[in-house]
Each structure stands twice: as C-alpha cells, then as structure tokens.
C-alpha cells in the first residue's frame, strides 16, 4: 500500500491522470507518466501543497467515505453502495507532530544524535506506524468475519473506502486517528460494539496511537450528547405510556359510572366491576430503557391491530377470536350485513340497551323562518314538521316561511323549548360585511341637492346646468325620468340629486343615509325668503350639510340681492363677506350668469369636506326614484354611495330584491359598473322599492330573500296602519309609531303603602306618546340625595305627607327643582295627568269646507294660469288649503294665491257663485278639474 502508481491513485481519487500529474509537479514531486510509483512522502507533499493552495488553516479535514461493492447476479453487474461515514483527516502539521511523538515513545533521541540519525529514525517510525495500521485492519476484518451478519462494523477498512469530495487520498496516512461519530440506533443498544473496538497491535514493539486532549474532549462531548438524547427519548416514551394508562383508567371509570347510573334507573343495580385495565397497563410504565424507534413501531402496530382487526391473521385467526370470546365471557355478537363487525360486550353485560331520553333542543325562532330551517334547528325530519303544521290546519310546504308565533307553538308541541330570537337586522348584517371586507377609501364626487321654492327658479337652474354641461348638442337631452345625474367640469365631477319635493330628502335623513353632501339653496332675488326656504334651511342644518346660496333672477329689474342676504341672516345663514361661512352666488338661470362660479363654489365646499368612499367593496346606495315600466318591469334609480355596483350583483332594497339584469346611465347608455356618487337605472328587482330606501349588495341570495321576506312581514302592519290613518275616526291608532316622551318622577311618602299605591296609579297613566317614569320611591322625608337625583335626571319630586328639610329646600330653589306636596292621592294623580296632557302634541283634523269645479282656464303672461270656477258645495275661503283632484286622483295639494269675484279680491265665495282663483306655486290646471277646500284644525288632547 506504501507504493502505488499514479494511475491507481488517480482512479482512487476519481480524477484524471493528467490533472494529478500537474498537481504533483506543482507540489514538487517529479512524475512523468501514470505508471510511475508514488510513495507515502509524495502523498504527504501533495496533501500539504493542496492544503495551502485551498486556503486551509491546517486544521483537521472531514471526508465522507462510502463503500461500493460490485457483484454479479445472473451475468448482470450490480453496484451496491453501503452507508458512508465521516473520517477526520489531520493536517500535515498534526501528522508530523504525531510521528514525532511516536518516535519519542519508541526510542528517546540522544542529545548527541546527528541529523542523519534523526532522518533515519523518522523513516523507521513511519514504517512502524504503517505496519500497525495494517495489523489493526486485519484484526478488524477477522472479528467482522466471526460476528457474521449479527453486527456489521461501522468502520470499514481504509483501503476499501473512497473519498467523494476530498481531492486527496489522505486515508492512507500511517497514523490515522479513530473518529468518534454519533452511533446508529442499533449500535446504541449494544450491537456491533466489538466491531468498533480497535484491534490490538500485532507486534508488542509497535507503539499505541497518540490521541490529543482536544480530540479526546470532543469524543467525550459526543458521548455525553448521545447519552442525553437517549435519556430524553426514554423519558418521553415513559411519559406517553403513563398518559395512555391514565386515559384508559379514566375511560374505565366513566364507563362504570354510566353503567351504574343506568342500572340504578332501570332498577337492576349491579356491583360495579373493579377496574382491571389500569392494573394490566401498569407493567408498561416500568422504568426500563426502551428503544424509541422500536417502541414507536410497536405502538403503530398495536394501533393498526386495534383499529382494523389485524390480530386475526393466519390460520389460527378463528381460534384466536374464539379464545378472546371465551375470555370475555362469550358475549361477542355479529352484526348483520356483508361486513358484519363484532359487537364486543363486557362480562355480565346484556345486549339490550334501555331507551335514552329524547334530546330537548333550545330553538331560537326569528320573526320569519322556513319550515326546513325550523326542522333543522330541532333535528327532526321535514316531513314531521309538515305533518305537525297540517294538524294545526296549515297547508304548507317545506320551503314556505311561517311566522314566529306559529313556529313557537310547533316547537312546543314537538317537545322542544322555543325562544323568540332577535329580529334579523339588515344593517347589522351589512356592518359585518363591511368589517369583513375593508377597502381603501378613495376620493369621490360630491352629491348636491338643489332645494328652494318652486317659483324661485330651481327647475330652470337645473335645466341650464343639464343642457350646458351634460349633453351639449344631443337631441332630447338626458332621460327625463331619472332623478339624478352628474356633470363634468374642468375641476371635477358633480352629482346632482333632483328629487321631487322634500319627501325623499327627509326620508334619507330619517334613515341616517348621508346621500347629500352639499345643499344649493335657490332664493329668488325679487321674492325673498319663503316658508319653504326656511324649511329647506332646517333640513340642511338637521343633516349637518353645508349650504351654498344661489340668489337667482338677478337679471330682473326688481331684484334686490342685499335684501335676501339680510333675511337669510335672521335664520343664521350668514354670508362669507359678512364674516360668515356661507357662500352667496348671484346667478341668472335664464341667461346663464355666474353658473360656472356656482359650480366652482360647490367644488370648493367639496374639497373642504374631503369626501372619500371605498371603491373595491360591495355597493351600498339609496333609491332616488322607482317606477313600474310596462316593458321592463320594476325600474329604480340608484345612487351609489359606497363600493362599486356591477351587473349581476344581488341587490336588496327595502322589501325588493333581485339580481341586476341591466344598468343604464343618465344618458340612456348601457354600462356594466358604477362607482361611488354615480346614479344608475337598474332592472331586475322583484318589486318596485320606495323612494329613499337603502339598497345594498349581498353575496348570498338566500340571505337577501330572507331579509326581504322579513321586511315584508314587518311592514305589513305598518301599511295597514297607514290605511287606517286615512279614516278620521282612527287617527289615534297611529300614535305609537312616534317616539314616546317620558315624565320622570321621584316619590317620597310617609308609609310604604302610600308610595306603592301612588307609583302604581301614575304608571297606569302612561300612554303611547307620554310615559311616566318613576325613578325612585321610598319612605321618609325629602333629602339632598333626592334633590341631586332630580337634578341629574330632570325629574320633579312628589312628597306625600312628608316635607323637605331646610338644606334640601335651598338646594332645590337654587337648581330650579320642583317639589310638590300632597295629602290626597287623587290630587297628585290629577296634577300628573294634567302635566302629561300638556306634553301631548295637539291633534290635527282636516275639515272640508267646500268643493269647486274648474270650468275655464285663462293663461295670462307674466301671471300664470287663472281658473274660472263654480262653487258647487260649501264655501271657499282665501286662506283655505286646496287639493287638486283630476279623474278622482289627487294631483296637487297646496294653497290659494288669490281669490276674486269679477275684479274684486274677496275673502270667501259661497255655493252657487262663480269666482276666479290662482294656485300658489302650481299652474298645471285643466278644465274639468275639481278643487277640494279644507281647513286644518288643531284640537288639544287629553289623557
């Protein structure tokens, strides 16, 4: 082994011969061909050269060594690679130090030794080390042959190993130290230990290998880690076995308790069976070392046997089952069927099981619920539900909705507990959707509502803006039925909301929908502030919306813009030139004066508001207008407020729902989506929604249908109440819809019976609009704490046969708290009743005074249409309210602007006389129309 050829060494290193010759020449070893022999010194020189060239610090080199065996099976060569191991190769410096130490042990160097003797001694030591390595390899081979297949040696002969990654064959060095690696699992259990022991030297003269202190410490550390890992695995296995034993014991205990309770109930009490399984499982918890891999394998095998019945394999499977059956007392039964499973019974256990009690469910019943959903909540079949309802006289299907009362009766009849659930609130459902899908808020166009008196030029202003900015040059303008449109300006887009009257605007505010961002208040410069103007200001302030005042008709000679500013200042609308915050723009809708300045002011207000809305989210909006089209069905104008509305979305609007089949913009063009503040016409709803209804997109069609049906049932009573309110004698039935006022009272009496009787009598006075709230009642005099409670709650104090002390009276006088003293209970009840009556709103009744028939319509320029009429019934007064009726349909409700007989203004005209009259703010009258005159009378109400 000491002399090998270059070609053999290159094959061992798996490198070309030319590269090896080149490296040998660079290392100072002169070799010319592959047949030249290599000595041990040549290899050491090559190793030292390559170590320096590769930048190594001269430390130990680790090489992964594998053993490859080639065998011939049926004429085919088969290459088998066995498990590799890591060999630590010392550097040249370490090797030289080991050789020197070996020389020192073999023969101490004499002081007078010459240089030639030292060289000879080193050569002899190297030869002895090589001979010792050969002897160790031969001894290991002999022991491996004796051990046979029981334990394979983990350390292979150095001559049979091949280095995979190292460029040099350092494994042929004479003094190779024994590596210390982590042992395999079978070696940890004591197998193959003899193979790991180094062979004894063949000749006693050969010295033992030298092991450095650092390497010995490394070996000890690895041994300590292996022992710690082994102990940790054993502890985990022991803990697992203990946990499994405890689980089995608890399971047995629970089964025994259940069995004892069942026997006690049926009257056949038996002694409880002692717990045997925990004792049987006790040996598994013995403190003995267990191989983790073997334990895991056995545990997996046991689980497979328990889960799939693998113990019954082989010829003796049947006998094994019979033996197990006999061990269990013979109580093993086979279920019917092709794959009949064994029903294992405990000893002395009967196959008959007592019937369990029926499970009682607590069912939450909403306002409306389908038969199938109710059956699912009670865990019964739908057929049983339909049968129970048919016995009640209701012929329903499984998909039909039933009301809450009926559902509660059926739930109780079937033996379950029914409780009314909270109503499904669509707003709460919408809030959940918004929380689940939060989108980034982006700037959106402002929504502007134009308000004001009809005669002040509101319609003309909208027409001019529409004609000038929206469809310039298009014939016919925009679609006339839509109530909203947007205008593009150089500074941005503005969406105008054109709702007839104030009903939709008020409905939006009542529902809390912020549909309008800015209000343009139109006031005629020649007319001044009218009652409807004041009403519009109140609406805008209630909504917290900024106002931009457009003073119209400044082109008239009688225009006085300064008077408009003064009148609006009285209603807290102060111009910005006067130190206020409201912009005033003088415009002319007829000539188009300052229209651009008005739009500029609106965009300035919108910029201050910083209006934003999420775009990538389900759409929410408000219904501006809705109608029933003959060819297209229900058509609704929707103003999108948040999100993006897309074609095909499931929309819910009030009691109507449906998938959007088509979307049309204000120009009549078909579109597929609309973003925030964009109005669209939509088709596909199941019914015509009301103006002002909130609309939202839901992902679930079932949820949309459920909410729509719930709203239909909820609003049914409201619609009936509205129909009853049309009758004069049933006006009181509509009182409960308004928010009730509260009268807070604190009662102090001399005895307990007095304040209990007084509190009970006062609570009976509560009505739909006014309720009595007894905050506190007690026995004794009136104290400062009672007065402080009255101050905080705004209540007044009733003292029944008691008085207040001096400090309480002084505090009540300073804080304006009313204290009333009574000795008779009826006086207290009458005073509280009178106070509650004063809190009631007066009752308003319409009293019809006369009927007028229009027989002629006269059009006068700059004045309007004048109606020539005949009073057919009653009397017509100048200050009467009128109702215009055409074909038995009410067209308009308003007031009279003037009433004349011939050319004289009169206060009233009686039946049988002719008269001429004009309607205030309305000119669309025709011959044959009828006017119904009525007065509104307020009547004080009492309890």
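Even glycines carry a Cβ here, placed using N, Cα and C.
Remember, predicted model here, so these are calculated numbers, not experimental data.
Going by Swiss-Prot, these are the annotated features:
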- 452-459, 498-502, 552-555: GTP binding site (BINDING)
- 99-113: compositional bias 'Low complexity' (COMPBIAS)
- 117-141: compositional bias 'Basic and acidic residues' (COMPBIAS)
- 145-172: compositional bias 'Low complexity' (COMPBIAS)
- 173-197: compositional bias 'Basic and acidic residues' (COMPBIAS)
- 200-215: compositional bias 'Low complexity' (COMPBIAS)
- 216-250: compositional bias 'Basic and acidic residues' (COMPBIAS)
- 251-264: compositional bias 'Low complexity' (COMPBIAS)
- 295-308: compositional bias 'Basic and acidic residues' (COMPBIAS)
- 319-335: compositional bias 'Basic and acidic residues' (COMPBIAS)
- 443-612: domain 'tr-type G' (DOMAIN)
- 99-354: region 'Disordered' (REGION)
- 498-501: region 'G3' (REGION)
Candidate with sparsest Cβ neighbourhood (10 Å radius) among 452, 455, 458, 554, the listed binding-site residues: 455
Summary of DSSP states over the compositional bias 'Low complexity' (251-264), given as helix, strand and coil counts: 14 helix, 0 strand, 0 coil
Secondary structure composition of the compositional bias 'Basic and acidic residues' (216-250) [DSSP: H/G/I, E/B, coil]: 35 helix, 0 strand, 0 coil
Model confidence over the region 'G3' (498-501), averaged pLDDT: 52
For residue 452 (GTP binding site), the three-state class that DSSP assigns: strand
Secondary structure of residue 554 (GTP binding site) (DSSP, helix/strand/coil): coil
Collapsed DSSP category at residue 458 (GTP binding site): helix
